[in-house]
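Asks: What follows is a structure written as structure tokens; I'll ask about it next.
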Amino acid sequence: MTELQTPIAEREIDRSQMKVSDEIAIEINNMNKWYGTFHVLRDINLTVNRGERIVICGPSGSGKSTLIRCINALEEHQKGSIVVDGTLLSNDLKNIDKIRSEVGMVFQHFNLFPHLTILENCTLAPIWVRKIPKREAEETAMYFLEKVKIPEQALKYPGQLSGGQQQRVAIARSLCMRPRIMLFDEPTSALDPEMIKEVLDTMIQLAEEGMTMLCVTHEMGFARSVANRVIFMDQGQIVEQNEPEPFFTDPQNERTKLFLSQILGH
Amino acid sequence: MSDTHAHSVAFARDTMLPPAPPPPGETGAIRWIRENLFSSWSNGLLTIVSIYLIWSILSAILPWTLQGIWDAGSLGECRAIRDERGLSTAACWAVINERWLQILFGFYPTDNQLLASWFYSDELAAAGGLEAVFGPGSNSTARIEFIAAMKADIGNLVVFFFGYWRPLMALALLVVAVAPILYSSLPRKLLWFSLAYPFVAVFLLWGGTIWGPVSVAVGLVAAILVGRVVAAASGALLGMLAGIVAVLAIFLNPLPFADIGLFPLLPHVTGVLNAAMPIGLEAIPSDDFGGFMLAIIIGTSGIVLSLPLGIVLALGRQSSMPLIKWICVTFIEVIRGVPLIVWLFTASLLLNYFLPPGTNFDLLLRVIIMVTLFASAYLAEVVRGGLAALPKGQYEAADSLGLDYWKAMRLIVLPQALKISIPGIVNTFIGLFKDTTLVVFIGLRDPLGLTNAIRATAEWNGIYWELYIFVGLLFFVFCFFMSRYSMYLERKLQTDRR
Ligand SMILES: Nc1ncnc2c1ncn2[C@@H]1O[C@H](COP(=O)(O)OP(=O)(O)OP(=O)(O)O)[C@@H](O)[C@H]1O
Ligand SMILES: [Mg+2]
């Protein structure tokens, strides 16, 4: 616990504020997924409580993205069950829509809508999915844009913003739907170091407010100070999971050790 | 540091000279020419060859064009005037001067009543009044002569503005209807007029009772309302069914009630309204339509109708439902794989065999349908290219925000895909517009067909270039506008500039 402790936020991160409740937010049972004959996810079992911040790490191609994309049905799983907020994920489009409106997602490449302004990016789904009046949706959008500290960019287009700003807009866009769960798929890996910090700051703030978060990331500093559980995946399986402190200092599995030594540069 | 420098350098300037003007040959035009046209031996050679080519083309065309003769009654007269003036070459623009109305409107009839009562009232009175000349059954030599004399007297320009006020008005309103679609800065309320325009245009161009188009419009609105109300009460599927039944009842003859004489409702409504309040224009059959007007009618209808159809086909081709995908692929490949001219022949000849005997399905309408289908197959492929160019992340972002398929398409995917496809779409439109000249082969009087008709007269026998140039220019103006508009639109929609 030395070099990796680069400060990721200016202020003290107050972990005591981040409470975890007993309520279950996501429950995954024996989930399996294949791409053709390729078995990407094997027997995934995972229960996430409300308010938990989970960091998922693992080597490239281990199925991290696939796992969190299964949770909001961007990918279809073939076996086992996923229950999000009490709703069983099935082929029923109604359930899928319900889950998607509860679960926000932030992508590695932001995926903002380039033909719409920042404000329109943020109000589109609330207006068309939640049927919120335009005025109100814009107020909400401005509230969250202020929260991610870029209200002054509201009328620009995504192409006119820096990567870090775009990712913060993407977070605000998700928040405008008032999700109860947020999924992050390597939100910082397309960004320069200074920009990484501004995005992580935003995510820490979210965590402090009690958001349930599943986060695929290799930012171990973030995992250490914010996560309450770190999950290590390899070859489509959850190999090890633990609280961050023991996970980093005392990994049990050989593959975890190897991965950590590579990623921490020892 | 400067000390050591001063010692090691014998002479160093310590005051700057003011900048001098560049030597002649380094400024303005001469410099530009040297840098751009004669920067090297090969460049210079190419420049000289190009200048020679341009000069020889212009020296052949310009005298012919500019010395053209505008006032003559026939090709023979043109030649006589040319020889009299001692010109070696001269265009005979007189044919355009005399026949431009015909090239624009074909044999679409002028509003002679209006012309006569406004510009020729005395002569009309002398001829025995309106009824004597224009009354029923007065298709006599006297009447035809009267009209010809009148038109010759008041001149082409007046005939253009007043005799053809119906197509002109339709064109002017077309501009008004299209403007809010093309330019988003115009008030959005104008779009309501754009919706109503097709009915206005049909009334102006084809005439007849005004209640025809009005009841068609009202019938459509009624069918949509019925569908909406039923959908709100008992689900989307039943709503759609109710809408279809309403359309059948209003416009067609639903089979179970074939013989009670009540259906379709439309003619009854039109009849009652017309009896109560007969408002209308002289009815003009499609056979009389012709000239550049025909190209505009077919072209505009084709453009307006083929874009939505093309988009639907493109989406259908990407559908995950095999039946829909299969239908769209077959349609696109079959339509695209056969030349347009074959489809036009199909429209003019074969379709009659397939339709129930006695149905009189307007040839112009059939042509418009064929041109639309043909263009939509091309557009579908152009739009598909745009859809394929969108990164997968856009679909995923839309999905993850909970937008359903149609909303994602309408709000996220299509705006971007169509923007990417603008050059291809406009390309297809321009092609469609020019392809309307092909209708000459199935007997419609398109502008090129009319040049044949003009050449068939004794006066203008043997004249080619002038007519073709005129027709070409007409097409060029429209196509050039489309091309410019597409460039404007691309610039306007460019949002990724920093
Ligand atoms: N659409 C697909 N079709 C077939 N195989 C796929 C597809 N998407 C992913 N895979 C495979 O599934 C495996 C898991 O992919 P996934 O994207 O979940 O990995 P990851 O852990 O997120 O890796 P990274 O850290 O590189 O993002 C990889 O081996 C990948 O090649
Ligand atoms: Mg990944």
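One is the number of the first residue shown, and numbering goes on along the chain from there.
In case you wondered, yes, glycine gets a Cβ from its N, Cα and C as well.
What you are looking at is a predicted structure, and each value in this text was computed from that prediction instead of being measured.
So TrEMBL lists these for the protein:
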- B:44-66: transmembrane segment (TRANSMEM)
- B:164-183: transmembrane segment (TRANSMEM)
- B:190-211: transmembrane segment (TRANSMEM)
- B:217-250: transmembrane segment (TRANSMEM)
- B:292-315: transmembrane segment (TRANSMEM)
- B:292-486: domain 'ABC transmembrane type-1' (DOMAIN)
- B:327-351: transmembrane segment (TRANSMEM)
- B:363-383: transmembrane segment (TRANSMEM)
- B:420-443: transmembrane segment (TRANSMEM)
- B:463-482: transmembrane segment (TRANSMEM)
Asks: Can you tell me which parts of the same chain pack against the transmembrane segment (B:217-250), counting only residues 6+ beyond its ends and a CB-CB cutoff under 8 A?
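Replies: For the transmembrane segment (B:217-250), the nonlocal Cβ contacts are 196, 199, 263-266, 269.
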Asks: Which range wins on Cβ pairs under 8 Å with the transmembrane segment (B:327-351): B:190-211, B:292-315, B:420-443?
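Replies: It is B:420-443 that shares the most Cβ pairs under 8 Å with the transmembrane segment (B:327-351).
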Asks: The transmembrane segment (B:463-482) vs the transmembrane segment (B:292-315): three or more C-beta pairs under 8 Å (separation of 6 or more)?
Replies: yes
Asks: When you scan the chain for residues with a C-beta under 8 Å from the transmembrane segment (B:363-383), skipping those not six or more beyond its ends, what do you find?
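Replies: Apart from its flanks, the transmembrane segment (B:363-383) reaches 286-287, 289, 294, 297-298, 301-303, 305-307, 309-311, 313-314, 317, 328, 331-332, 335-336, 340, 343-344, 346-348, 351, 417-418, 421, 424-425, 427-429, 431-432, 435-436, 439, 442-444.
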Asks: Who are the long-range neighbours of the transmembrane segment (B:164-183) in its own chain, taking Cβ under 8 Å and residues 6 or more past its ends?
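Replies: Those are 101, 104-105, 108, 110-111, 114, 190-191, 193-194, 197, 200-201, 204-205, 207, 281, 293, 296, 300, 485, 489, in sequence order.
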